[in-house]
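Colleague: Grabbed the feature section from TrEMBL, which reads as follows:
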- 652-661: compositional bias 'Acidic residues' (COMPBIAS)
- 415-514: domain 'Calx-beta' (DOMAIN)
- 542-641: domain 'Calx-beta' (DOMAIN)
- 650-685: region 'Disordered' (REGION)
- 101-122: transmembrane segment (TRANSMEM)
- 198-218: transmembrane segment (TRANSMEM)
- 230-253: transmembrane segment (TRANSMEM)
- 259-279: transmembrane segment (TRANSMEM)
- 782-806: transmembrane segment (TRANSMEM)
- 859-879: transmembrane segment (TRANSMEM)
- 891-911: transmembrane segment (TRANSMEM)
- 931-949: transmembrane segment (TRANSMEM)
Amino acid sequence: MPYHIGSRQSRQTHMCDVCVHYQDLSKEGTILRKNSECVRHFRLQTLHVFIDAVGPARRDVEQTTSPYICRCIEGSSVLLVEVGTSSFNKLKNIFRVGDQVARAIVYFVSMIYLFLGVSIVADRFMAAIEVITSKEKEIVVKRSDGTSTTVNVRVWNETVSNLTLMALGSSAPEILLSVIEICLKNNFMAGELGPSTIVGSAAFNLFVIIAICVYCIPNGESRTIKHLRVFLLTATWSIFAYLWLYFILVVISPGVIQIWEAILTLAFFPITVLTAYIADKKLFPYRFLTKRYRSGKHKPVMISSEGDGHEMQGGKMNNVDEIVFKGLDGSESDMKEIKEFEQHRKDYMDIIRELRKKHPNADMKQLEEMAELEAINRGPKSRAFYRIQATRKLTGGGNVIKKAKIERRASVEDVKVEIADDNITRVFFDPGHYTVMENVGSFALTVTRAGGDLNKTLYVDFKTEDGTANAGSDYEHSEGTIVFYPLETHKQCEVTIIDDELFEEDEHFYVRLSNLRLGDSQGMFESGQNTNEAKLGTPHVATVMILDDDHPGIFHFEEKEMSVPEAIGEMEVKVTRSSGARGMVKIPYHTIDASAKCGKDFELVEHEIVFENNETEKLINIKIFDDEEYEKNEEFYLVLDEPCLLRKGSDSETEEGEEDKYIEKKRKRKGNTEPLPNEENEELMEMGKPRLGDTTKINIHIIESYEFKNVVDKLLKKANVSLVVGTSSWREQFTDAITVSAGDEEDEESEEKLPSCMDYVMHFLTLFWKVMFAFIPPTDYFGGWACFTVSIIMVGVLTAVIGDLASGFGCTIGLKDSVTAISFVALGTSVPDTFASKVAAINDQYADSSIGNVTGSNAVNVFLGIGIAWTIAAIYHAANGGIFEVPPGDLALSVTVFCVEAALVVIVMLVRRRYGGELGGPPKTKIATTVFFVMLWVIYLVLSSMRSYCYIDF
C-alpha cells in the first residue's frame, strides 16, 4: 500500500482510515486515547492528523491540505497535517474504497489463518493436559483381617482438572490476549480487546454452543447433567464473576481498579475450584445432610452406591460389590475409589455379552480387541479429548481413535505413575480378567510377583468364589497354596469349567488371592512376621467369565439385499444360525411382492426350513422365471418368521409346559431347589428360546443378465483400537503432521472412509501450522509438562499477533475494538470448542462434557484472564505512584446484559431437566430452545454494539 493514515504509534501496528478518526472526535477540547489507536487532538474545528504517504499520494495530500499546515516529521515520510472540517472530506477522498476493501480482506483472511494456527497448537496443548490429568497413583486399603489391598486411582480429581488445566487449555487464547494487551502492548494501560473478548466468548459459549448442543441430539433422545451440584455451583460462579466486574468498575471504585480488587478477582479462581471440589466430593456441609454406612471391622455391611445392586433372597447381595468389597475397612473415599476400579469389570463383561451377540462368529481374541475399543468409545471422555478430536477433524487430521498408533494401547498404564515401593513385594493376577467358553475344560490363571527381594520364598493362597456362576454346576471349586520359590516371578493356578447341554446366561465367578506369607530362601517363615515386606497388589481378585454355548441360536440373513440375473433359474438364499446351535429348530418364511410378483416372476419351492442339532447354515431355494421381457430392475422381499424349537428327532413343536420342565431341570442341576418366580421363569424361558437376529428381511432384485456383475468382497481394514491423544516421539508428530486422514465419525459398522476433498483442502491449508507445531516436545517427555509449557508460549505468540490484526481489521471497516472483540475474535477462538461440545453431546451418555464445563470455563476466564492482567497493572501503577484506570462504559453494559441472559439460560435448562433432559427432547421443544438461546446472543451483540457507538447511554 502506498500510504496510510494514523499516528506514529498506530503506524507501527495497523492502518486506520481518516473517517474513523473524525467520527470518534465529537467533543471539542478533548484528548482521546482508544486502545492501540492514535491520540487525537480536536480543538476549534481543527484536526491534527498523521499521514504516512510517499510518491504521488504525498503530492495529493499536500495539494488537498494547502494552504494549511503540512510539514514532515523527523525527516521521514510522515506528514503532520492540520486541517479544518471544511477540507476534511477532501482529505479522506484520497483513500479510495478499493484500498479499504483490500486491506479489510487481508486482515480478515490473516485472522482466519491465525485462528486455525491457534486451534492446532491448542490441540497439542490439550494433548499435554490430557496426559497430565490422566496420571494415576496406588492407594492402600486395609482389610479387617490385617491384610491390605491396593487400587489405582487418578491423581487429578475430574472436577478440579476441568476447572484448572482443561479450562486453561480451552480458553488460553482469550486469557493470554487479555494479559498480553495490557502488559506488552498498552504499557500497563487498560484495553478493550482482551476483556471484551472474554465477555464475548462467554456469551457465545453460553448461548450459541448450548443451543447447538440442544439441537444436535437425535430425535427421541435426550441428555441430562449427571453432576447437577457442580453445574449449579459453577453457573453461580459464572454469573457472579461478571457481576463482580460490574461492581468494581461502576459501584465500588468507578473507573479505577484498586490492588485489593484485582487480587481478590484473581483469588476467586482457587475459591471456585475449592467449592466445586467440595460439591463433587460431598464434603462439608454434605456429610451432615446425608447418613452413610460403610464396612465395619467385624462383619460385612452393605455399602450404598449409585449402582444397580439387586438384593436376592435372604438379603444376599449377589453382585460384584459384595464379592469384592466384603471385609474391607477403609474410609468412604477409599471405598468409592475401589468401587470405581471394580466397576470396570462389570462394564467389560456387559460389553463382551453384547459383542458376542452382535458378532457370534468372532473368536475370543477378536472379541477382546473389539471390547477394548468399545470400552474406549463408551467410557467417559474429558473436555481435552473432544477439543482435540474436533480440531483434528477440522484440519484434516482424521479421527483420534482410528488414527492412533497400534503400539500405543489406550490404557491407564500409558500414563500411570508408579508410586509403589520397589522394596515391597506385590502379588497379583496378570491379567485380572479371563473370558472362556463353557467347553474349554481346564484353564490356568497367571499369578505374578513383582518388586521386593526375589531371593525369598513366598506363599499365597487362592480360592474360587461364586459370582453368578456356582461351584459344582458351572465350575469345579478349587483352592490351594501357590509357592514362589527364589527368582520365580510367575505361577499358575488351574480351574476347571463344567460343560453341560443346558442353556444359561453368560456367567462369571472369582478367584481370590489371600493369606500372603514371606519366607527365607530355604522356605522357612514364621506367621505374622515380615508383613510389611509383601502385600497383595491390584488386581488380587480375578474375574472369570463363562460364555454359554448351548443356546438354540439366532437366525438371520447374511445380507440385507441381493441381486440375481433373470436367467439364473433357481436362486439360493443363505440363512445363518449363530450364538449357539443346540437342538432342532424350524423356521417358516414368506415373500412380499413388490414390482416382482409371486407366480409370475418367482416362486417358492418350500415354505419352511429345519435346522438340525449343531447345524449352522441352511439354504432357501426360490425359482426365478425368465419371461424374456425387458425389466431393468424388479424386486421382492423374503422374510423370516418366528423360529420354533423342536424336540430332537421330532417334527412336532415343543408342547406347552415342556420348557418349564427344561428350566427346572437345569436349576436342580445347579443346586437350586426353590422354584423360580413366574416373572423370572418367563424371562429365562424367553432368553432360552431361538430368536431372530437383526437381518430378517432381504430385498431381492431381479435384473437382466447383461447387467449382472460379480460381487466384490469388501476389504476390512483393521482399525486401530488405541485411544491415544499423546505422542511419544518427534518422528510420530512429523508423520502425523504431513498425513491427511478422513474426518469421519466413528462407525464400527462401516468401512474406513478415504479422505474427502475438504479433508485435503484443510490439510494443505494448515500444513504450515502442523509442521511448525510438530517441533513442540512430545507429550511423553517430562510427563507432558514440556509440551504444556512450549505450547502455551506458542499460543501466546499467536494471540499477540491476532490482537493486532483484530484492531486493524476493526479500524479498517469502522468497528471499535470492543465490537470486534465480542463478535469476530470471540467467534474465532470458540470454533474448536463448538465442534468439541457438539461431538460430546452426541456421543456422551450425559451432558456434563458438552455444557457442564461451559459455565465453569466462563468463570475461570474472568478470574484468570482479567484477574492476572489487572493485578499486574494495578501493582505496576501503584509502584509508580499512579492509579490503574479502567473506563467502565462498554464493558459495564456487556456484563449487565450477559448476567441477565445467563440467568435465563440456567432457568431454562433446569426447567428442561424437569421435563426430560437439558439436551434434546421433542423436536418442537428443542427447536424453540435453540432459537431462544441464539436470539439471546443476537440481543447481546446488538445492545453491546449500540453502547459502543453511544446509541445507548448506560
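Cβ coordinates are placed from backbone N, Cα and C, and glycine is handled just like the others.
Keep in mind that what you see is a predicted model, and the values were worked out from it rather than measured.
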Colleague: Is it the case that the transmembrane segment (859-879) and the transmembrane segment (931-949) touch, counting contact as three or more CB pairs under 8 Å in which the residues of each pair are 6 or more positions apart?
Modeller: no
Colleague: What else in the chain is close to the transmembrane segment (198-218), if you only count residues 6 or more beyond its ends and a Cβ gap under 8 Å?
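Modeller: For the transmembrane segment (198-218), the far contacts come to 171, 174-175, 178, 238, 242, 821-823, 825-827, 829-830, 833-834, 837-838, 840-842, 847, 850-851, 854-855, 857-858, 861-862, 865-866, 891, 894-895, 898, 901-902, 905, 909, 912, 918-921, 926-927, 929-930, 933-934, 936-937, 940-941, 944.
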Colleague: On the DSSP side of things, how many residues of the domain 'Calx-beta' (542-641) fall into helix, strand and coil, could you say?
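Modeller: For the domain 'Calx-beta' (542-641), the helix, strand and coil counts are 3 helix, 57 strand, 40 coil.
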Colleague: Could you give me the DSSP helix, strand and coil counts for the domain 'Calx-beta' (415-514)?
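Modeller: Taking the domain 'Calx-beta' (415-514) as a whole: 1 helix, 52 strand, 47 coil.
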Colleague: Which sequence positions outside the transmembrane segment (230-253), separated from its termini by at least 6 residues, show Cβ-Cβ distances below 8 Å to it?
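Modeller: 159, 163, 199, 202, 206, 261, 265, 268, 272, 275-276, 279-280, 848, 851-852, 855-856, 858-859, 862-863, 866, 886, 888, 891-892, 895-896, 898-899, 902-903, 906.
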Colleague: Cβ under 8 Å, sequence separation of at least 6 from the ends of the transmembrane segment (782-806): give me the contacting residues as numbers and ranges.
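Modeller: 13-14, 36, 107, 110-111, 114-115, 117-118, 121-122, 124-125, 127-132, 135, 172-173, 176-177, 180-181, 184-185, 193-194, 417, 726, 773, 776, 817, 820-821, 824-825, 828.
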Colleague: Among 101-122, 259-279, 891-911, which stretch has the highest count of C-beta pairs below 8 Å with the transmembrane segment (931-949)?
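Modeller: When the Cβ pairs under 8 Å are tallied, 891-911 comes out ahead.
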Colleague: For the transmembrane segment (891-911), find every same-chain residue at least 6 residues outside the stretch whose CB is under 8 Å from a CB in it, and list them.
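Modeller: Sequence-distant neighbours of the transmembrane segment (891-911): 192, 195-196, 199-200, 202-203, 206-207, 210, 232, 235, 238-239, 242-243, 245-246, 249-250, 818, 822, 851, 855, 918, 929, 932-933, 936, 939-940, 943-944, 947, 952, 954.
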Colleague: Grab the pLDDT values for the domain 'Calx-beta' (415-514) and give me their mean, rounded.
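Modeller: Taking every residue in the domain 'Calx-beta' (415-514) and averaging pLDDT yields 81.
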